[in-house]
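Below: one structure, written as structure tokens.
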Amino acid sequence: MAGGADTTVKIETATALNQGVGYGIVIGLGALFALGMILVTFILKRYNRELQTSEMFNTAGRTVKSGLVGSAVVSSWTWAATLLQSSGVCYRYGVSGPLWYASGATVQILLFATLAIELKRRAPNAHTYLEVIRARFGTLPHIVFMIFGLMTNILVSLMLIVGGSATINALTGMHTIAAIYLLPVGVVAYTLVGGLKATILTDWIHTFILLIIIIVFALSAYASSEVLGSPSAVYDLLVKAAAAHPVDGNHEGSYLTMRSREGAIFFVINIVGNFGTVFLDNGYYNKAIAASPVHALPGYILGGLCWFAIPWLTATTMGLSGLALESSPRFPTYPNRMPEADVSAGLVLPYAAVALLGKGGAAATLLIVFMAVTSATSSQLIAVSSIIVYDLYRTYIKPEASGKRLIYMSHVVVCAYALFIASFSVGLWYAGISMGYLYVMMGVIISSAVLPAALVLTWSGLNKWAAALSPVLGLCVALVAWLVTAKKECGEMSVACTGSNMPMLAGNVTALLSPVVFVPVLTLVFGKARYDWKSMMAISRGDDHDVAGEAGVDLEEVPGGREESDREIVEEQKKLRRASKISKTMTAVLTLALLILWPMPLYGTGYIFSKPFFTGWVVVGIIWIFLSFIGVGLFPIYEGRETLIRTCKYIWWDITGKGVKAIHADQARHAGEVVVTEGKTPGDQTPEEKSVKGEKVREGIDSS
């Protein structure tokens, strides 16, 4: 729904789900995930020695492996817009839309892999990228980037809630405002209980289910559906659709060509806007911080490549199905085409799903939108929480705050931010601002801080004033370019005009590229810096001894709680330097392939897909989604198999009465510790017993 006035075309009641299904999914599934995370948190605490310290809440102990990092990246980057907006772009521009969307939003994740490695290398104890900026430049740049970071999180959160609630309303009739306020409830519950670790685990569950549903959609449309059932049938219907209503700006008006003028404009807007939502979203830095040092690079590369298939195949399936079926009585808007307001609100996918699969399609759409909204919202809650707690509260209000106090503040911020975003979303709904408008506008607002943020970790010559002023100046000129172009194009400043392609293109490109001018100028004016990177290394972890003391355990025994030795740090830095060299080469090659080598020859030639070529195009997409399912669905299970087997064994021992002594003894063996007798917990060990573990760690380092 685009606004307070009901402008969307309602799905007929014969195919729509009732409101009870909507409330059941939003409230019931939210409660189920919350209860599941409470159980998982208990299991991790009892059987894996995990304690909910401030460090664990915000960094997941810095021990997450590449499979879970990859699935967390996929889940965090799979917004409601990923599914809904990509399908809308496909509906507007044809086969070019999905590739423009997917390639234009994948390269940022791939390029961010380099920043993730630099963050792990330069500031191994950081909680947010803003801490790094303060450590290097001091207060002014820190506050500037904090504002840009929070604006990024707010815009992304609004897109998630606005887009998700519009789809739920269209499918079930559930009131949009009810959906807006209820969607975050379950997310808040499991985020409070499990912190970043719970977010990453639920990210995997959401990704697993999401990929299965996308596979079902694709196989239904291109293999088993009675109304479509093959690429050949879809191809024929797309040819008829182009004859009935050719696409303005597409080569020969065809839906089956990559040469699309408006699609190419969207491609540029998409690239520019998404740089901001990755490079300035603390959620992605959270994933990098949570990753074990050797798993950060493969996790982000895996996540980026696996994510590509989601918007590409989803839109190629549902966007093209919408075009193919809208002339059928099965389509909700038949005999009319979809109104532009519905397309912008993201309703192509749900309408196509209903036409393709009836109520089953509506239910599947409701489920994947719920998954996309809640998993990405959870990431936003943790991102904002860590910024407010570490960059505002611990830095400027209470530097001596204990771990227990930091956890309390994290919980307060999570709840307050969820309420704020829901209330803001209601205002946007009444103002008629849709998800599509927010998606293309975000780059205008935030992209001027992308280049300075990247240079903080990669260039020692960046000075304080260039870092602080170039984002602000860039925002000013971007707003001018956006609004002046809108006035010149349309003669008015309406939502429809300011949200059109040319004004958004002007604003987005100006925002991203203006620091290319401002940074060198400000460097010449104020002088080139000579930073030695030492202050970043001095960032400290939170003090969680009070939390560990209350729990009766030694903080050194908690995953992620042990301080690394100098020798371990040196070895880690060697691995990270090697990973940095690999990431720069790999990400450059993949970016070149996705932005130039694949799409541009097809665009330049104006080739209109033949039926065999289109069939191959679809088959590649289906193969890719299966590989994505293996990469971020099954691989995390394989990677964590030892922990899973051991945890299941401990649960069985508990059920059969083997007892705590056996569990503690086995935990000690796996941790490389001396086996503790007489049923002592690790917290009861003597200093002599604890020293055995340290000796074993040092022996392992020496031998390597």
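Including glycine, each Cβ sits where the backbone N, Cα and C put it.
Database features, via TrEMBL:
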COMPBIAS  687-704  compositional bias 'Basic and acidic residues'
REGION    677-704  region 'Disordered'
TRANSMEM  20-44  transmembrane segment
TRANSMEM  64-84  transmembrane segment
TRANSMEM  99-119  transmembrane segment
TRANSMEM  140-162  transmembrane segment
TRANSMEM  174-193  transmembrane segment
TRANSMEM  205-223  transmembrane segment
TRANSMEM  264-285  transmembrane segment
TRANSMEM  366-393  transmembrane segment
TRANSMEM  405-431  transmembrane segment
TRANSMEM  465-485  transmembrane segment
TRANSMEM  585-608  transmembrane segment
TRANSMEM  614-637  transmembrane segment
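Looking at 20-44, 99-119, 205-223, the range that has the most CB pairs within less than 8 A of the transmembrane segment (264-285) turns out to be 99-119. Using a Cβ-Cβ cut-off under 8 Å and counting only residues 6 or more beyond its ends in the same chain, the transmembrane segment (366-393) has close neighbours at 17, 21-22, 25-26, 29-30, 33, 54, 58, 72, 75-80, 82-84, 127-128, 130-131, 134, 142, 146, 149-150, 153, 156-157, 160-161, 163-164, 167-168, 171-172, 183-184, 186-188, 190-191, 195-196, 198-199, 202-203, 206-207, 209-210, 213-214, 281-283, 286, 350, 401, 406, 409-410, 413-414, 417-418, 542. Contact check: the transmembrane segment (205-223) against the transmembrane segment (140-162) gives fewer than three Cβ pairs closer than 8 Å, residues 6 or more apart, which falls short of the contact criterion. Contact between the transmembrane segment (64-84) and the transmembrane segment (140-162) is supported by 3 or more Cβ pairs under 8 Å, counting only residues 6 or more apart in sequence.
In this chain, the transmembrane segment (20-44) lies close to the transmembrane segment (174-193): three or more C-beta pairs between them fall below 8 angstroms, excluding pairs fewer than 6 positions apart. Touching of the transmembrane segment (140-162) and the transmembrane segment (465-485) is concluded from the presence of at least three CB pairs under 8 A, sequence neighbours closer than 6 excluded.
Residues 96, 99-100, 103-104, 106-107, 110-111, 113-114, 251-252, 254, 256-259, 264, 267, 271, 301, 304-305, 308 of the same chain lie 6+ residues outside the transmembrane segment (585-608) yet bring a C-beta within less than 8 angstroms of a C-beta in it.
Non-local neighbours of the transmembrane segment (465-485) in the same chain are 133, 137, 140-141, 144-145, 148, 444-445, 447-449, 451-452, 455-456, 493, 498, 502-508, 510-511, 514-515, 518-519, 522-523, 525-526; each lies 6+ residues outside the stretch with a CB under 8 Å from one of its CB atoms. Away from its own ends, the transmembrane segment (99-119) comes close to residues 73, 77, 82, 85-86, 89-90, 93, 126, 129, 132, 258, 260, 263-264, 266-268, 270-271, 274-275, 277-279, 284-285, 287-289, 291, 296-297, 300-301, 303-305, 307-312, 315, 454, 457-458, 576, 579-580, 583-584, 586-587, 590-591, 594-595, 598-599 of its chain (Cβ-Cβ under 8 Å, at least six residues beyond either end).
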